[in-house]
Amino acid sequence: QLQNKILILTICAAGIGGTFQYGYNISIINAPASYIQTFMNTTWLERTGVPLESNVILLLWSFTVSAYPLGGLTGAVVAGPMAIMLGRKMSLLLNNVFVIIAAALSGFSRMAKSFEMIMLSRFFTGMNAGVSMNIQPMYLAESAPKKLRGAVALTSASFTALGLVLGQVVGLREFLGREESWPFLLASNVVPALIQLTALPWFPESPRYLLIDRGDKESCISALQKLRGTSDLSAELEEMLAEQAAVKGQRAKNPWELFQNPSLRWQLVSIVVLSSAMQLCGNDSMYFYAAYVFQEAGIPQDKIPYVVIGTGSCELITSVTCNMIIDYAGRRPLLLGGYIFMAGWAIVFMVALSQQTQISWMPYLSMACIFAYILSFGIGPAGVTGVLPTEVFDQMSRPAAYMICGSLLWFNLFLVGTAFPFIVKSLAHFCYIPFLVVCVCTALYVGLFLPETKGKSFLEISEEFKKRNFKTKTRAGFYKGPEEIKTTTL
């Protein structure tokens, strides 16, 4: 039991300063939006004697908001080299430097009368999230035993959802949501960073990284003993040594090398489709709509922030549930179910929005749709997408695969954030049509092409993809019978 405790504490130490920060920093910026815009205006007035026009304030605010995904994109690109050169654990520790810089910038921005400092701080916060979104699932999946790998790597999504909810709570007026305390709200992200800096050094580095990248068998065994205790490690060690032999003489790959390698074609297509779909499925845009829909449903203006916390809690509850069932249900059913349900709810949501003013109970249906959509996203796509790159790529391709994944994730977040207001303007109530198309196409891809990875070793998964990548070269490749039978467990 002690060893399970060590694994659980490792997960918490990695999560609190890792993907928790991504969720937390996405939601803390919403509460003080109007105060920061006022601060921009008064600062400009003091500097030049001329107030800013409302559209210029809006432009400056969009810059501030989009600095976050831009930082995330930068973080995702540097995460690969960091993971290879410094190791998984050391990268997570060093990553806290970005948040500490960001907290200092935003905390002192009002004192320094500089709104540029807020923009810069959002960029550094984004960098921190970009690195942790890539390295944390990699670190945890490499440290977990095979039968718990899905659940352990999926805790990254639970920490993101926990960060979202806590960010919404801390942003309430009762805590740090008042006008005078917004610099403290933006700087509060330094607390999780300090917790991680004190806790994570006590836990071991990823055993796979130590053995396969560093070739250090002694450290690998000692890390495994810390994580697994006295239980027999020979089977797991044998598996790792086989994996080490399979990549012997290779060096860590660069992202562009993955695109040139025919033996990685399906793995790459799968993570490109799923990483893009995760942001293009419209889940984050639901939060954009939440306040408007709740207002239409007759919820008083001052109570709306509390109901919005309910939407965040929805994602938290489902990602924890998904954690419990992923290693029983498998990856495919959760992804498939999630996207099919989201497609269904998107249709109902558009109908409800178009009838919002005609039928008295429609706002309540829209409300139910928001909760159902977020629940459907949380049960599959939110967590499983982050686990897959670890499972479908070998040790030498994994950091590069996460760089591609992370870059797509942040680029699409930026794209949706920028384009969504225009989509709403042009399509009005039918603004969810693009998201509906994405959900349907992704569900089709998962149903037709994605193999199940539950309970298989990394080598078995590689073999399965190898068959797919090269079967088109033989005419017999169209006959699927025996291959399917091999992959079903009786």
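Note that Cβ sites are derived from N, Cα and C of the backbone, with glycine treated the same way.
Record features (TrEMBL):
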TRANSMEM  7-24  transmembrane segment
DOMAIN    11-454  domain 'Major facilitator superfamily (MFS) profile'
TRANSMEM  56-80  transmembrane segment
TRANSMEM  92-112  transmembrane segment
TRANSMEM  118-139  transmembrane segment
TRANSMEM  151-170  transmembrane segment
TRANSMEM  182-203  transmembrane segment
TRANSMEM  334-353  transmembrane segment
TRANSMEM  365-388  transmembrane segment
TRANSMEM  400-424  transmembrane segment
TRANSMEM  430-450  transmembrane segment
Please average pLDDT over the domain 'Major facilitator superfamily (MFS) profile' (11-454) for the predicted structure.
92
Could you check whether the transmembrane segment (7-24) packs against the transmembrane segment (118-139) - three or more CB pairs closer than 8 Å, residues at least 6 apart in sequence?
yes
Between the transmembrane segment (400-424) and the transmembrane segment (56-80), are there three or more CB pairs that fall under 8 A, provided the residues in each pair are separated by 6 or more in sequence?
yes
Using Cβ atoms and a strict cutoff of less than 8 Å, what residues sit near the transmembrane segment (182-203) while being 6 or more residues removed from its termini?
6, 9-10, 12-14, 16-18, 20-21, 24-25, 28-29, 31-32, 35-36, 39, 89, 92-93, 96, 99-100, 102-104, 106-111, 118, 121, 125, 128, 170-171, 176, 226
The transmembrane segment (365-388) in contact with the transmembrane segment (400-424), cutoff 8 A, at least 3 CB pairs, sep 6+:
no
Apart from its near flanks, which chain residues at least 6 from the ends of the transmembrane segment (118-139) lie with a Cβ under 8 angstroms of it?
14-15, 17-19, 21-22, 25, 29, 36, 63-65, 67-80, 82-83, 88-89, 91-92, 95-96, 98-99, 101-106, 109, 153, 156, 159, 186, 189, 193, 206, 386-387, 389-390, 398-399, 402-403, 405-406, 409-410
For the transmembrane segment (400-424), give me same-chain residues lying six or more residues beyond its boundaries with a C-beta closer than 8 angstroms to one of its C-beta atoms, as numbers and ranges.
62, 65-66, 69-70, 72-73, 75-77, 79-80, 83, 126, 130, 133-135, 137-138, 252-255, 257-258, 267-268, 271-272, 275-276, 278-280, 282, 284-285, 288, 389, 392-393, 431, 434
